[in-house]
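Participant: So Swiss-Prot lists these for the protein:
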ACT_SITE  Glu156  active site
BINDING   Glu22, Asp106, Cys210, Asn213  Ca(2+) 1 binding site
BINDING   His155, His159, His165  Zn(2+) binding site
BINDING   Asn228, Leu230, Glu232  Ca(2+) 2 binding site
DISULFID  Cys130-Cys210  disulfide bond
DISULFID  Cys170-Cys194  disulfide bond
DISULFID  Cys172-Cys177  disulfide bond
DOMAIN    19-215  domain 'Peptidase M12B'
CARBOHYD  Asn193  N-linked glycosylation site
Amino acid sequence: KREAEANRTPEQQIYDPYKYVETVFVVDKAMVTKYNGDLDKIKTRMYEAANNMNEMYRYMFFRVVMVGLIIWTEEDKITVKPDVDYTLNAFAEWRKTYLLAEKKHDNAQLITGIDFRGSIIGYAYIGSMCHPKRSVGIIQDYSPINLVLAVIMAHEMGHNLGIHHDDGYCYCGGYPCIMGPSISPEPSKFFSNCSYIQCWDFIMNHNPECIDNEPLGTDIISPPLCGNELLEA
């Protein structure tokens, strides 16, 4: 990651419009049970989610790349509960204490097969990108549709990037928007005008430096996706 940054001239570093989120996906034991121990199926689902997230964030001038995939095949490293406040805090503490020491990354997402309490399907801290503890989200894998999982993950990462839920004045070309307060039956791949403004306001005001540097191609573990030069590097 640092080498890739060093290989660019100062002018390239200044004028590169993109931010880069290096993400680790963590899959819990309930997911392993849900997919009958089929780790290849789980990996493929996670790779597709990462690639879909990257496509969604391109319009925000972001690249989202998977630099780590951890599957808790034997036992969970934290207690995953339906209580989202408890689980989010537990995952954040584990990320700060253990995961950061094992793998350099900017953001971590826990994907679980348990059913969160109430109607919640995702939960994250707001405005926390690059924080050593709070740059995390938790996601319930409730739908068999791969795109739905990616939309929820993009939504929760959006909260990490300082984006709040859309209101009636936000739009994204007539489609349902990613940061809507609830997921639509036909989930969209687009962020709203409000999301764009809030995200870049957060970046300008808080300067989360961990997303400034372009990762090395060798750090990216998700398979190439046609038309995406970063993933094919």
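The first residue you see is number 1, and the count goes up from there.
Here the Cβ of each residue, glycine as well, is placed from N, Cα and C on the backbone.
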Participant: Relative to the Cα of Asp106 (Ca(2+) 1 binding site), which of the recorded positions Cys130, His159, Cys172, Cys177 have a Cα no more than 10 Å away?
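Facilitator: For Asp106 (Ca(2+) 1 binding site), the recorded positions whose Cα atoms are within 10 Å come to Cys130.
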Participant: Looking only at DSSP and grouping its letters into three states, which state does Glu22 (Ca(2+) 1 binding site) belong to?
Facilitator: strand
Participant: Which chain-mates of His165 (Zn(2+) binding site) that are at least 6 residues away have a CB under 8 A from its CB, listed by sequence?
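Facilitator: Long-range Cβ contacts: Met179, Gly180, Pro181.
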Participant: Quick one: pull the CA-CA distance for Cys172 (disulfide bond) versus His155 (Zn(2+) binding site), whole Å only.
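Facilitator: Each residue's Cα considered, Cys172 (disulfide bond) and His155 (Zn(2+) binding site) end up 14 Å apart.
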Participant: Averaged across the domain 'Peptidase M12B' (19-215), what pLDDT does the model get? Just tell me the whole number, please.
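Facilitator: Mean pLDDT across the domain 'Peptidase M12B' (19-215) comes out at 95.
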Participant: Using the alpha carbons only, what distance in Å do you get between His159 (Zn(2+) binding site) and Cys130 (disulfide bond) once rounded?
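Facilitator: It is 13 Å, counting Cα to Cα.
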Participant: By the count of other Cβ atoms within 10 Å, pick out the sparsest of the binding-site residues His155, His159.
Facilitator: His159
